[in-house]
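According to TrEMBL, the protein has these features:
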type	residues	note
SIGNAL	1-22	signal peptide
DOMAIN	63-214	domain 'Cupin type-1'
BINDING	Asn109, His114, Glu119	oxalate binding site
BINDING	His112, His114, Glu119, His160	Mn(2+) binding site
Amino acid sequence: MKGVHFLVAFVLLALAFTFASASDPSPLQDFCVAINNTNDGVFVNGKFCKDPKLATANDFFFPGLNIPGNTANQLGSKVTLVTVEQILGLNTLGISLARLDFAPYGGLNPPHTHPRATEILVVLEGTLYVGFVTSNPDNRLITKVLYPGDVFVFPIGLIHFQFNIGNTNAVAFSGLSSQNPGLIPIANAVFGSNPPINPDVLAKAFQLDKTVVTYLQSRF
């Protein structure tokens, strides 16, 4: 029952992500190139809508978030996303959800950003060390150790992480302020891009020997 109470609190907090805006609508994908001939149009900012009269309960439903994610991997973590890809009824509603599972001491959701969403996280089980880094010129690290029932916010676009420092499994849920928040894992993006970034660029940017850069690229 305690977990249910935390989940209810999370849902109420997540609903607070409904924002009014007088500016252009936020993008729901990385880019949307304009075309003059609408006959060639394939994508919209979001997804096409079905006739509301044809909507069913299953359009607003996703089962299984009670099932722990498999953390038997190099990072010791598993993120189970519930975005518009899983619940089609989320289209245009500006909200999504994730379950985060962490293996005992060392389970890590590595540094990453969500380019289209602020994230609010509530811990259900375990102890998490979390944080984010502010933008230039400060690049200030803001961190906190979270326990069951604690809530933490990661502002939109900022690099952030979650790390299990406890000796037991950890579980958290996150609400995100977009139906498609996007995910940019920093290490994967920098060292695992396709095609690879020129090693000379990364060597100079990170002040590393080129052989170190090529090794890191081979790891991702």
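Heads up, residue numbers simply count up from 1 along the chain you see.
Cβ from N, Cα, C; glycine included.
What TrEMBL says about a protein is an automatic prediction, not a curated fact.
When the binding-site residues His112, His114, His160 are compared by the number of other CB atoms within 10 angstroms of each CB, His112 has the fewest. Taking the Cβ of Asn109 (oxalate binding site) as reference, residues of its chain lying under 8 Å away and at least six apart in sequence are, in sequence order, Leu75, Ser77, Val79, Leu100, Phe102, Phe161, Gln162, Phe163. Shown in sequence order, Val153, Phe154, His160, Ser174, Gly175, Leu176, Ser177, Pro181 are the residues of the chain, 6+ apart in sequence, with a C-beta less than 8 angstroms from the C-beta of Glu119 (oxalate binding site). Neighbours of the Mn(2+) site: apart from His112, His114, Glu119, His160, residues of the same chain with C-beta atoms within 8 angstroms of the site's C-beta centroid are Thr113, Ala117, Phe132, Phe154, Leu158, Ile159, Pro181, Leu183. For the recorded oxalate site, residues Asn109, His114, Glu119 set the reference point as the centre of their Cβ atoms, and the other residues of that chain within 8 Å of it by Cβ are Ala98, His112, Thr113, Ala117, Leu121, Phe154, His160, Gln162, Ser174, Leu176, Pro181, Leu183.
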